[in-house]
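Going by TrEMBL, these are the annotated features:
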- 23-286: domain 'NADH:quinone oxidoreductase/Mrp antiporter transmembrane' (DOMAIN)
- 289-344: domain 'NADH dehydrogenase subunit 2 C-terminal' (DOMAIN)
- 1-18: signal peptide (SIGNAL)
- 28-47: transmembrane segment (TRANSMEM)
- 59-80: transmembrane segment (TRANSMEM)
- 92-110: transmembrane segment (TRANSMEM)
- 151-169: transmembrane segment (TRANSMEM)
- 190-216: transmembrane segment (TRANSMEM)
- 236-253: transmembrane segment (TRANSMEM)
- 274-293: transmembrane segment (TRANSMEM)
- 327-349: transmembrane segment (TRANSMEM)
Amino acid sequence: MNPYLLIVLLTSLGLGTALTLSSTHWLLAWLGLEVGTLAILPLMAQPHHPRATEAATKYFIVQATAAATLLFAAINNPWLQGHWDIQHMSHPLFTSMITLALLLKLGLAPMHTWMPEVIQGVSLNTGLIVSTWQKIAPFILLLQIKQIHPPLLTIIGLASILIGGWGGLNQTQLRKILAYSSIAHLGWMVLILQHSTALATFALLIYIFMTSATFITLKKCKATTINMLTTTWTKAPTITLVAPLMLLSLGGLPPLSGFAPKWFILQEHTQQNFIPHASIAALAALLSLYYYLRLSYSITLSLSPNNLPECLQWRVNYPISTPLSSALPAALALTLFLLPLTPSALTLII
């Protein structure tokens, strides 16, 4: 892709998200969402492969459906209530419509079916943007809506955690596994949204750090399937050492950073006497933990299929440093060692 066009598209992505974050008017928020959607589509279709074109088409149809629903509800709310303010939605029907439209944009269950197919069809770089940056604007809009029906968020959150864990069990494509991982993590955020917006924001930040580190690691290893992970120990020994810890952090094991949001979310639900919700979420997290352990096993304890009686040659690669690879050490540090700094992080967010 032309570098100048790439700069324009990435700038448009940033401006669209910034416009949504800084607006209190529904039309401006909708405009920011659409700018971000239109900017990501050329990046998705850029490989000029039928699968990439199919993924871009699916993404456009889903996002256009969600945007039309959101715009319809946003127009009808001032017609009945007399204002366009995001934080003062009072009509239950239109509030529910906007909530469902934003959840469709995020890819939460039961409106999740588009996300694994879209992530599978695009490159790892674009998948990183779709899984992280494109989630920020819809999620911040959810944080600003005060009159969301609590049972709706609880049902969708628990369903997303269950489906995100269950759907990734039989997958062999790494991008689909990360898509189901994204669904499960977003389910945790939606589950706590009605009780603590600070914890939801904290969980979003930790998710972005962990997912960014995972996508960048897979990009450096040039791995897209589980079988391709079995050769990383001869290509990148250092990454082979830290990748299992990174995956276990995604699974939420202590003392890694991914444990902190799950711990605080379960603690908050227990304090609010929602013990069945906390129990279901904790048990469903074991499903996700299984395929993270499966990936860790493939990286560290498996050999690549090889029928020839010959020794594997070490071929350590030292590629030219890129901005994406330069961000890997910082992303790994935040993924692995943020747990002791959790109280300070929560203080800054609150």
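Keep in mind that glycine also has a Cβ here, set from the backbone N, Cα and C atoms.
What TrEMBL says about a protein is an automatic prediction, not a curated fact.
Sequence-remote contacts of a segment are chain residues at least 6 beyond its ends whose Cβ falls under 8 Å from one of its Cβ atoms, and for the transmembrane segment (151-169) they are 96, 99, 103, 108-110, 112, 116, 176-177, 180-194, 274, 277, 280-281, 284-288, 290-291. If you look at the transmembrane segment (190-216) against the transmembrane segment (59-80), you find fewer than three C-beta pairs under 8 angstroms, all six or more positions apart, and that falls short of contact. In summary, the transmembrane segment (236-253) lies against the transmembrane segment (274-293): three or more C-beta pairs, each 6 or more positions apart in sequence, are under 8 Å.
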